[in-house]
Amino acid sequence: MTEGKVSRLVPRNQKVLLACIIATSTIDSVLVGFDSSLMGSFNVMPSYSNYFELTTATKSLNTAISYMGGALMALFAGSLVDWRGRKECVFWSAVITMIGGIIQGAAQNIGMFIAGRFIVGFGLGLAQVSTPTLVAETAPVQWRGFALGLYYAFWGVGTLVASGVCYGTQNMSSTWAWRIPSLLQAGPAVLCMIVLLFVPESPRWLISRGRHEEALEVLAIANTGGDIASPIVQVQFKEIEDTLRWERERELSMMKALTQPANRKRLLITTTFSIMVMLPGTNIVTFYFGDMLSSAGIKDPTTQLQINVILTSWTLIVAVTASFFADKIGRRTLCAGSLTAGILTLYAFAGLTAKYGTSGYAPGVYGTIAMIFLYNASYAWGITPLTVLYPPEVLSYDIRAVGMGIYTFTTKMCGLFVTLVVPFGLVAIGWKVYIINASIDILMVLFVLLFWVETRGLTLEEVDKLFDGEKHSDVPDLEAIKEGKMIEIEGLDAAVTQQQVHMSEKRT
């Protein structure tokens, strides 16, 4: 394949490039968060409920349909991302989401609204496969945890904006009360398209397509500010090249690759993690906080929206703070600790709701609300930064995009389960739903402690050793190079050296 060149729009300054990579992650997250929170606000907005004459079933369908769109896209998003590239798929995801938002905002009936929601979900399904994959494969190791940790931390920005906009439009007597927030989904999508102009393609995808010179330059800019001769760059380049060569030489079809013992464990971890992301209790708060507050004795829609804005702001602060510590604490410890804290707060919330939900006793009601805040904090501190950080780390390159598609599919199906089952559960058994949820969460903690592997501080290729039992390249680990323990790097093939010389000449 003919060598390409890194676009002139891509910054050659390491810090500026890192900012653009992180911006790709955060803007996409804002879009996902905006959409996810929108229905929670709509569900307590009288103008929305009255216009569509909603029942419990149609209320659930309007909320769930975007998950159906995302689940459908996830079935083939991985193959699409491998074929067309990570960056191009991020672009098309933004285009699709923008179109869906416009249709939703212009809806004349419930069918048109559902169609818009479905298309939005379709675009978000592609985004949630392509964006984390692009960021994970492009960001330097020392910044990977922060960059991907911010992905769902800035989900809170999207939810805050959505909550604020809905709070501002709720008193409109016309349908613009819900049309304006729907149309504003196009904003983050357009911003994402602009930022993509300054972001390179994944160096791993470039190497897989034979575009070695371009990949080497991207690695150099991202890791050393453009020093191609740096051992840090050379080691990562050869490590990626050797690993991809090993995967090609096995000549496995995608189905055979997915069924390899090591890959089965990878997929077991990622698919079960989607349950931990979607079903520990967080989506009960996200979508049905109005029902939760009503059961706690707070039934005024304006008060509910005010509490939602405050709750979203609180969750955002905790999540962004947690992103700075994503690489300070091991992945297993972070996940298990977050789930455990969530279990305790859910049990407390259930007990307080049962005792004070209909009592009108103010301190009891305030205590119930406090448990919602504490639950969101426990989730935002651990699960939020890991949501799209851990899956691409444990998936090897040959199944990373497809594996992220499977992870997105199972995540959407879990979300679909929440939106279709929880409202009926809350009507039927009320606060007992929280007891059941917290009890299931205990099993999640045990799974993490027994099956998760620790990936903190490792390159994506070094993680392979934890699953395959061996590293597929003879270069030293990156940490050894950084610590100066191994300066002589043997085994770099002539192709790398020739590229270094060729690119050095061009720079002079």
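Glycine is treated like the rest: Cβ placed from N, Cα and C.
Per TrEMBL, these features apply:
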- 16-44: transmembrane segment (TRANSMEM)
- 21-456: domain 'Major facilitator superfamily (MFS) profile' (DOMAIN)
- 64-83: transmembrane segment (TRANSMEM)
- 90-107: transmembrane segment (TRANSMEM)
- 113-136: transmembrane segment (TRANSMEM)
- 148-170: transmembrane segment (TRANSMEM)
- 176-199: transmembrane segment (TRANSMEM)
- 267-289: transmembrane segment (TRANSMEM)
- 309-326: transmembrane segment (TRANSMEM)
- 333-352: transmembrane segment (TRANSMEM)
- 364-390: transmembrane segment (TRANSMEM)
- 402-427: transmembrane segment (TRANSMEM)
- 433-453: transmembrane segment (TRANSMEM)
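Here the transmembrane segment (333-352) has long-range neighbours at 276, 280-282, 296, 326, 364, 367-368, 371-372, 374-375, 378-379, 381-383, 385-386, 390, 431-432, 434-435, 437-438, 441-442, 444-445, 448-449, 452, meaning same-chain residues at least 6 beyond its ends whose C-beta is under 8 angstroms from one of its own. With pairs at least 6 apart in sequence, the transmembrane segment (90-107) and the transmembrane segment (16-44) have 3 or more Cβ pairs within the 8 Å limit; the two touch. As a quick check, the transmembrane segment (176-199) and the transmembrane segment (90-107) clear the bar of 3 or more Cβ pairs under 8 A, pairs 6 or more apart, so the two touch. Segment contact is absent for the transmembrane segment (402-427) and the transmembrane segment (148-170), given fewer than three CB pairs below 8 angstroms at sequence separation of 6 or more.
Counting Cβ pairs closer than 8 Å and at least 6 residues apart in sequence, the transmembrane segment (64-83) and the transmembrane segment (148-170) reach fewer than three and form no contact.
Counted over residue pairs separated by six or more positions, the transmembrane segment (113-136) shares at least 3 Cβ pairs under 8 angstroms with the transmembrane segment (364-390), which defines the two as touching. When Cβ-Cβ distances below 8 Å are used as the criterion, the transmembrane segment (364-390) is approached by residues 128, 131-132, 136, 144-145, 148-153, 155-156, 269-270, 273, 276-277, 280-282, 285, 289, 292-293, 296-298, 307, 311, 314-316, 318-319, 321-323, 326, 331, 334-335, 337-339, 341-342, 345-346, 348-349, 352-353, 355-357, 455 of the same chain, each at least six residues removed from its ends.
Same-chain residues lying 6+ beyond the ends of the transmembrane segment (148-170) with a Cβ under 8 Å from its Cβ atoms: 22, 25-38, 40-42, 45, 47, 131-132, 135-136, 139, 176-178, 180-181, 184, 188, 286, 301-302, 305-306, 308-309, 312-313, 315-316, 319-320, 322-324, 326, 380, 384-389, 392.
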